[in-house]
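Taken verbatim from TrEMBL:
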- PRO86, ILE87, ALA88, ARG89, GLY90, LEU91, GLY92, SER93, SER94, ALA95, ALA96: ATP binding site (BINDING)
- 57-139: domain 'GHMP kinase N-terminal' (DOMAIN)
Amino acid sequence: MIRVKVPATTANIGPGFDCLGIALSLYNEIEVEEIDNGLIIDIEGRDEEKIEKNENNLVYQSMLKTFQRIGYQPKGIKIKQYNRIPIARGLGSSAACIVGGVMAANGLCGKPLSTEEMLELAVEIEGHPDNVTPALVGGVVVSCKDEGQTTYIRFDVHEALKFIVAIPEVELSTKASRGVLPETIAFQDAVMNVGKSSLLVAALMSGELEKLSFALKDRLHQPYRIKLMDSLENIFTRGEDLGLNQLFLSGAGPSIIYLTWGEEAEKEKKFYHIIKEAPEEWTFQVLAGDNKGTSIS
Ligand SMILES: Nc1ncnc2c1ncn2[C@@H]1O[C@H](COP(=O)(O)OP(=O)(O)O)[C@@H](O)[C@H]1O
Ligand SMILES: N[C@@H](CCOP(=O)(O)O)C(=O)O
């Protein structure tokens, strides 16, 4: 039996579209073993009723792709999933399945693939590196995919950082959310995002956390995506009016993260208040960064 534990991830972090991501202290666990024949999938936990329990299951599909890459043909597979990452909410649920399935299959075959080889396969399956890379290696990750190759640098999440995650009951698939992004953008918007994302990485790396609120602005994707759900636009506007500058859309949304550190009780209360004003049902998770990434036992 192989067991893997995979962290949730929040990607983009505002301006770092498709290249920045942070692993979070919320985990899916997957147990896999080879059986004599067939496929058995058992799932418990968050959103389990929404997840395929057949050969279309993303964990299983990721395992199959890994076996093909290794050149191994298992007789049959049994998968048990303990799901805590809500699906299609912008917390890297698909990346967690992909990384979990690749690492589990690699484990069943005696770990022939290196971390880099597992990463290349995971990026191939997901299509972008900013969730799967922090899910695999943990921490804050700057990743770049160019001509089929992914290069990344990781560093630990500052221990003072707290991620207050507001999760709506409404689902928004990453595919649908990517579908509303423009083909081209104004040069000035591109320049702004380059500056903000560079400052964001430097502030996270140097621990100059007071500069994060200036850095957490985006013009590439958030302005288009917040129109996908009525209350998102209002939450961001109200947040700006109340000086809550550390708000960003988690991944492709619709979850929203308020990034805080030190004593900000008053601002945190305002964040909870503006979310609770929204018409949808929202739940909250207060998370820390994860610096370990996916573990296997
Ligand atoms: N625990 C899981 N087990 C199997 N498939 C999952 C699981 N979590 C997510 N998925 C798959 O990933 C899809 C959601 O991926 P995506 O739209 O990228 O959302 P997210 O923002 O959560 O990554 C689901 O529709 C489902 O197909
Ligand atoms: N860069 C991607 C990130 C998607 O993150 P997810 O957690 O919503 O899967 C994008 O913005 O599309």
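Cβ atoms are placed via backbone N, Cα and C, with glycine included.
Taking a C-beta cut-off of under 8 Å and a sequence gap of six or more, GLY90 (ATP binding site) has these contacts in its own chain: THR10, ALA11, LEU172, THR174, LEU249, SER250, GLY251, ALA252, GLY253, PRO254, SER255. The binding-site residues examined here are PRO86, GLY92; by Cβ neighbour count within 10 Å, the least packed of them is PRO86.
Compared over the binding-site residues ALA88, SER94, ALA96, the count of CB atoms lying within 10 A of a residue's CB peaks at ALA96. The secondary structure of ALA96 (ATP binding site), as reduced to three states from DSSP, is helical. Residues PRO86, ILE87, ALA88, ARG89, GLY90, LEU91, GLY92, SER93, SER94, ALA95, ALA96 make up the record's ATP site, and a Cβ search at 8 Å around their centroid adds ALA8, ILE85, GLY251 from the same chain.
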